[in-house]
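Read the structure below first, then the notes.
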4 protein chains.
Amino acid sequence: MKPFLAHPFDDDRLHEECGVFGVIGVSEAANFTALGLHALQHRGQEAGGIVSYDPELGFNSAHRFGYVRDNFTKQSLMETLPGMLAIGHVRYSTTGAKSPHIRDVQPFFGEFAMGGCAVAHNGNITNAEALRRELIERGSIFQSGSDSECIIHLMARSIQSNIPERMKDALRRVEGAFSVIAMTRTKLIGVRDPLGVRPLVIGKLGDGAFALSSETCGLDIIGAEFLREVEPGEMVVISKGRIESARPFAPRNARFCIFEHVYFSRPDSIIGGRSVYETRRQIGVELAREAPVEADLVCPVPDSGTPAAIGYAQESGIPYGMGIIRNQYVGRTFIEPTEQIRNMGVRLKLNVNRSLIAGKRVVLVDDSVVRGTTSLKIKDMVLDAGAREVHFRIASPPTAWPCFYGVDTPHRDKLLAARMTPEEMRDWMGVDSLAFVSLDGLYRAAGEAGGRKNSCPQYCDACFSGDYPVAPYDQVERGFEMKEGSETAPGFAAE
Amino acid sequence: MKPFLAHPFDDDRLHEECGVFGVIGVSEAANFTALGLHALQHRGQEAGGIVSYDPELGFNSAHRFGYVRDNFTKQSLMETLPGMLAIGHVRYSTTGAKSPHIRDVQPFFGEFAMGGCAVAHNGNITNAEALRRELIERGSIFQSGSDSECIIHLMARSIQSNIPERMKDALRRVEGAFSVIAMTRTKLIGVRDPLGVRPLVIGKLGDGAFALSSETCGLDIIGAEFLREVEPGEMVVISKGRIESARPFAPRNARFCIFEHVYFSRPDSIIGGRSVYETRRQIGVELAREAPVEADLVCPVPDSGTPAAIGYAQESGIPYGMGIIRNQYVGRTFIEPTEQIRNMGVRLKLNVNRSLIAGKRVVLVDDSVVRGTTSLKIKDMVLDAGAREVHFRIASPPTAWPCFYGVDTPHRDKLLAARMTPEEMRDWMGVDSLAFVSLDGLYRAAGEAGGRKNSCPQYCDACFSGDYPVAPYDQVERGFEMKEGSETAPGFAAE
Amino acid sequence: MKPFLAHPFDDDRLHEECGVFGVIGVSEAANFTALGLHALQHRGQEAGGIVSYDPELGFNSAHRFGYVRDNFTKQSLMETLPGMLAIGHVRYSTTGAKSPHIRDVQPFFGEFAMGGCAVAHNGNITNAEALRRELIERGSIFQSGSDSECIIHLMARSIQSNIPERMKDALRRVEGAFSVIAMTRTKLIGVRDPLGVRPLVIGKLGDGAFALSSETCGLDIIGAEFLREVEPGEMVVISKGRIESARPFAPRNARFCIFEHVYFSRPDSIIGGRSVYETRRQIGVELAREAPVEADLVCPVPDSGTPAAIGYAQESGIPYGMGIIRNQYVGRTFIEPTEQIRNMGVRLKLNVNRSLIAGKRVVLVDDSVVRGTTSLKIKDMVLDAGAREVHFRIASPPTAWPCFYGVDTPHRDKLLAARMTPEEMRDWMGVDSLAFVSLDGLYRAAGEAGGRKNSCPQYCDACFSGDYPVAPYDQVERGFEMKEGSETAPGFAAE
Amino acid sequence: MKPFLAHPFDDDRLHEECGVFGVIGVSEAANFTALGLHALQHRGQEAGGIVSYDPELGFNSAHRFGYVRDNFTKQSLMETLPGMLAIGHVRYSTTGAKSPHIRDVQPFFGEFAMGGCAVAHNGNITNAEALRRELIERGSIFQSGSDSECIIHLMARSIQSNIPERMKDALRRVEGAFSVIAMTRTKLIGVRDPLGVRPLVIGKLGDGAFALSSETCGLDIIGAEFLREVEPGEMVVISKGRIESARPFAPRNARFCIFEHVYFSRPDSIIGGRSVYETRRQIGVELAREAPVEADLVCPVPDSGTPAAIGYAQESGIPYGMGIIRNQYVGRTFIEPTEQIRNMGVRLKLNVNRSLIAGKRVVLVDDSVVRGTTSLKIKDMVLDAGAREVHFRIASPPTAWPCFYGVDTPHRDKLLAARMTPEEMRDWMGVDSLAFVSLDGLYRAAGEAGGRKNSCPQYCDACFSGDYPVAPYDQVERGFEMKEGSETAPGFAAE
């Protein structure tokens, strides 16, 4: 039976859609890949896949719904994935898919005249629909509903005689955000789009063995040394213990996703030379400066609000405490849940620590407000427990625009901040005060002491600003209205 | 295939063996029970069971391995458990069982001449083996390897004409720790042993509906009001909207398990009128007073060390930070794991936040030390990340004695504190300092301002002190050596 | 999910409820038992169980829904059943159970003071409800809804000091039909009730190894030599390479079930020294003599009508042909079938061989008529295919009474022959002629040249005659009306 | 876990590799398709798939390992396959695949510019490897290891503007044997190769609804009227209640597979206007004439030898009897079977009816001899049971050549008849006599009164004669040596 995916408490968060991992030069490469994917599980919990290559046994693959630890830790499965080269993928869901199909789970594989190739993609291709139409017109047969499948079909049709060159051909046709990992029989390949929207890092496992991972936490778990990031617009090809670097795209200013700092990435990862944890703690510090309040307790909304709450408490001097307790045994997937379970929502996951809260003026620190429904329920729980005042402090600016670069965002009219001012939101929530960190405050916390350069922003912050660094071609064709004054910037290939 | 239970990182914790929950007077009582058990999942993750009663459809039951949320949220299963009266149980494992059998999963059910009865038990019966031998001799057929099954067989053989009286007969024969929930066709019953070792609370759901739960967090999730605890030695019988109370046992001084405060119970539960969270935070305060140290950072070992770490940081003034990050996607059960997974241990679950730790003098706050293996690995991870000094602070006294009252403890010779002094432990761990909260400090944190009354301790602290409030009959018969000078106290029934 | 048992075409057959098998003195005794049960699968398809004993590893057991071949052929399962002594059971369903429970699947196991014992039962205990009430009154806890569980509880309460003597005690309290197989740590035990209603045979596997089996076909598959039947009223205890025989019951005239010859047993089994196949073929011969007809083709209703059809064709000289073809890929169990599947009935299983049937006068030979619904559909199919005339010949007398000795029969008012004369049945079916073999003809075919001795019948033929050799105590208490003039014969124990 | 396919008794038969079925114009078309596939299950037991189309819900599909009745009877699955148009496929195994992959299970689906198309294929494409190389060279990505996938890729690349024309383009490139069923959003399409090697028939379901099926038994089960066969070289396109016929290929003399008569097809199917049952019975008659013997009993080897045995008995006058009994509860697939099960072979399936056989001279009638191993074991069983003489009569000529047109045949050196003369086979088997029907006798039984026209055979009988009507291109390229004197006939397209 296909799992019915209920997200009783998670539909009020943005979700990263994918994590990618690959390794070359170690025995049982698939086992290492499984560990790396386990460390990247926060980037996608719905399904995962691994492809491995062994000179005698060829390419082998496995794709499964569910957590990495429930599937890719079993001896009987891992024995079917032999070899010293493997790549893998975890994903949240497919763009636009109503129900999950195992054939949508990456990596995708193609047999070319010069041998097989597997590809895994983190990000989103903004001209995927146009490319798909064109490829079908010419006789390609798509097996999935995934935008990422375009890449392997474009590669199959390239007239280049080796796979890295075919990949360059293919990615030059593709617009949007992509951190891609691929493998041939002998090579591990990593590419980031010219804006470098999604992360991708290189690790060294000693003696000619290397790994690629969406985040550094994937390197830590296998004991790999963090070498460097794959740079925006760079392609690395790793084989025979060497890393070769190429620059297949026209150069652009990088626009790394600032929401990776706010929420997506794990706090123990290092991005752009900065600790994600430290950035988040610093957002709390900025918030305490920008929006101080007299209160008795600073509480995080667990777990994502915790570092900012620590920062807020430290800067404000208000005591920090765990006023909301998270049930550790909550997962994301329910199979045919009862009505009662559907309606439980946030109470399945969170409970208030009554004796701590009662009678206090409480500052609740959360990472973001998307639909606002969770904030509303948490406020109710905290007031029911006897809090005297409730002050929400949000560790990101108002989320007013959807993301088209690999994040699962609700339609714009479901975003609270697209419909209300902060004051309206405060009234709607019924809290004593509500404040978001400013865009400049966020940039400062992320290491940009001068704040946002509005003429040329250092990050992609489209979800806050509506400034899309690449025009979302398919979306615009479907009628999405960009912010007034936006230039419908052409894609990379057009330059 | 039966799940192979690997506990790659959990075998260095003590484990509560059970949680119990029951509800009467609401439609879909089994659904409420499932929610209550979900909130009590930390008390037992291996398996769970629910029995319900409906006047037309009789008693129905379901027992499953795995989390409550993976089984008892499915409509198709819950529909098979109709009625306004239900009880349930989650468990860690059976005493002594090598491999799990579904027939060991409670509640147990017996059909008596006056109707059916289901029983669920949290605790451990210390004379279960002797009782089993006697019952078999007389013709009872045991279906499980569980000590708890004695209760229902003793009830079956009682000559009392109603079930509450049969239960009194049965429990007067039983020694050890027990919080028992039972149900007949019309009654919900709760009993605690005279020492009150394990918790059990009563909640009100409005209009004649009541719930029993191991902890108050089970009441919170269903929106029930916390009425009071079932008192040590009390039996409550709930039916027709009324609670009747009886005292079937000879009175004794209560000896509640102090480790429930330290680790077992959820921080948002209220025990003995005190917030568990607050007690834990206060242990940190005591520790900071008893064992101060110059340092740059106080880090909890997540998640159980967090409240004490907050207290330590607040009392010491040393900044609090998340130096160790927990992977949320770790479960307890692996089915036929690969060798590599078996060897990963704590790294599957925890990663160090390198940039925060590097160059700092770090105080690590953990709840307890059992075998010491986890502490050793965490110390290594923290030093590898560049910490300058590592100071362990433990929020409980040295755990030197096994528990025989419903906790899964290793054999005594596996307990680090049974073999080493704190100084030896510090050297063995290779840390700069190691300190445990004192027994008096622990009692103070738990609200006993005067500390432990050694002549008549207010809690059961046998795991720290070796003072067993009830002689563990079966264990002594098997050769367990009690602390010198211990009186082999007789069981309750003997009085 | 529990299998929903649809019997779209089988509810118009009587069903044997069980088969039993056991073996002692061979390595991997459980494997031999699985093979024996596979050969006995026609006696029960819903579920099966095996218990084995190994001196080091003790008793082990497995119970599964589904075919033997789908469960007990797997290495991973069979490895959990080590030892040189094993017994097993296949079953159709529990008396009275609405939905199947795995705990109803035999063998049942009890731990007694002198060691464990497993018991498997073929037949039906006609005073099981009375015994159950009595046992519960005295404190026994039943785990299943099965009548057979009485035996092990009676044994548990016996004051005899060894298991065979306890079994005698128990079985002397039991009325009805039983062929029981049991095992202790060292002994394999077989018993048949004094009437010998159900079969049970002994085989020799060479060198001190022996097997017990419901039918000889279970011996054939493991290559065992057929020694002899366990005699009615005999108990055999096999250990150390020896068979000891005892006679625990008062002697009675044997009354073997004649329907075993007609339908239940496999045609390749030998019963009472006679080939079941030959008896069935001979029934066809008797039918051809008793009810000749002018026709062009004799067709069996596959598969159970085949031997009688061969006999009819040979005696009548009318050509034999396969006018109805059976789909080999039909099983008994459907899980949540669609409406259309529910309504398909016999067409899922049978198809007419049109070119053979068209234009012919056809004699259809079937083993029995129960509800008559299948006969009606087959007649329709045969006429649709263009048959000129349809003549039904039934290889048993009209089935007018339910069986209470281990056969799943519909309530009496569902039996066509309880409501109609043969002429009425013929008209209701709409066939050109209908004839049943006479009771005397059946006895002659079964080797009783003189036919039925009405004063003292050689077989149990209650389903045809209403003469129940043991009063069905529980049924009579529930209001079942026996044939006028029936003596309500007392049970064995009463003698 | 992937099923381990053990064929303990079936590896000594040839196996049809596929059955196809489709229906248009009825509600719940997928349910009808499931029933049709159930009736065709003998043509492929490993896996099955169904694709349906509904104007609102689009194309939906399900592919499953195992029997149709175990998968495609479930309401929950069938609800996912709505619409009035559906096609399906059952298969034995993929050419050349070591282990089964669900992605190899047909129907295959492709989204073309003018809409989706699903294709299911019975037969074998003899130039599939060459076509695959060519398609990959041009950028097609294959998803399966199946030869049949070529068809949909060739269609995807056709420049025709509608799907039927694209299918013509594609099939003109394909060599070998194919009966293909396809569906678009509005059309049901059926095609047979010019030789008409595999069967395909058309049925009418009343009021504009039609079905296509490999055999007529698939029409019977859904109550459809058998209209006619799709003719060799014909394409039918059914929509809006009309059947359009086209002839896309150069005309050739038809060469229907004669082994369909001998073994593959169901006896209740009509092929070429003849009852398969009658042909088989007639083969028995021919055998009795060609190879008479004095004997006491004619026994079929069940179930495939039964019609020929009936014919042999009728022609010879020797009594017919069931000397070998088949266990109905044998399936084809075992998951990780024990060693003992692996070694049981034919005894899991067949048992001798000892009392019938003992002392008799027995004629055993079987359909074919492939490896000879089964015959050897059956002979041993029959002699062990006390037969006086054993005479094998085989209802087909010696099978001396592999089939390349959709049948799973062992390598030539595994075929007994490729290595031995009939006399050598008789000696090797150790039987008293052995005779095969002659090729002419077989043709006569199949309705060709004059026997085989050697210059221009009426059937494909390559497995007996080595005369391959289409050169097996891929096989020859791999080194297969055709019979001396064979013309390496060009494929269709080459003409």
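Glycine is no exception: its Cβ is also placed from the backbone N, Cα and C atoms.
According to TrEMBL, the protein has these features:
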ACT_SITE  D:Cys18  active site, nucleophile
BINDING   D:Cys257, D:Cys403, D:Cys460, D:Cys463  [4Fe-4S] cluster binding site
BINDING   D:Ser304, D:Asp366, D:Asp367  Mg(2+) binding site
DOMAIN    D:18-241  domain 'Glutamine amidotransferase type-2'
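Shown here: features listed in TrEMBL, placed on the structure.
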residue	record	DSSP (3 states)
D:Cys18	active site, nucleophile	strand
D:Cys257	[4Fe-4S] cluster binding site	strand
D:Ser304	Mg(2+) binding site	coil
D:Asp366	Mg(2+) binding site	strand
D:Cys403	[4Fe-4S] cluster binding site	coil
D:Cys460	[4Fe-4S] cluster binding site	strand
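There are 28 other CB atoms within 10 A of the CB of D:Cys463 ([4Fe-4S] cluster binding site), with all protein chains counted. Contacts of D:Ser304 (Mg(2+) binding site) defined by a Cβ separation under 8 A and a same-chain sequence distance of 6+ are given as D:Arg13, D:Tyr263, D:Asp366, D:Asp367, in order along the sequence. Same-chain residues that are not part of D:Ser304, D:Asp366, D:Asp367 yet have a Cβ within 8 Å of the Cβ center of the Mg(2+) site turn out to be D:Arg13, D:Val262, D:Tyr263, D:Pro300, D:Val301, D:Gly305, D:Ala308, D:Val365, D:Ser368, D:Ile394, D:Ala395. Long-range Cβ contacts of D:Cys18 (active site, nucleophile) within its own chain (separation 6+, distance under 8 Å): D:Arg43, D:Gly44, D:His89, D:Val90, D:Arg91, D:Tyr92, D:Gln106, D:Ala120, D:His121, D:Asn122, D:Gly123, D:Ser214, D:Gly406. For D:Asp366 (Mg(2+) binding site), other Cβ atoms within 10 Å of its Cβ number 24. Looking at the domain 'Glutamine amidotransferase type-2' (D:18-241) alone, the prediction's average pLDDT is 94.
Note on D:Asp367 (Mg(2+) binding site): other Cβ atoms within 10 Å of its Cβ, all shown chains, come to 24. Remark: D:Cys403 ([4Fe-4S] cluster binding site) has D:Leu14, D:Phe259, D:Thr409, D:Ala462, D:Cys463 as non-local neighbours, by Cβ distance under 8 Å and separation of at least 6 in sequence. Annotation for D:Cys257 ([4Fe-4S] cluster binding site): same-chain Cβ neighbours under 8 Å, separated by at least 6 residues, are D:Ala177, D:Val197, D:Arg198, D:Phe264, D:Tyr405, D:Val407, D:Tyr459, D:Cys460.
Neighbour count (other Cβ atoms within 10 Å of the Cβ, all protein chains): 26 for D:Cys460 ([4Fe-4S] cluster binding site).
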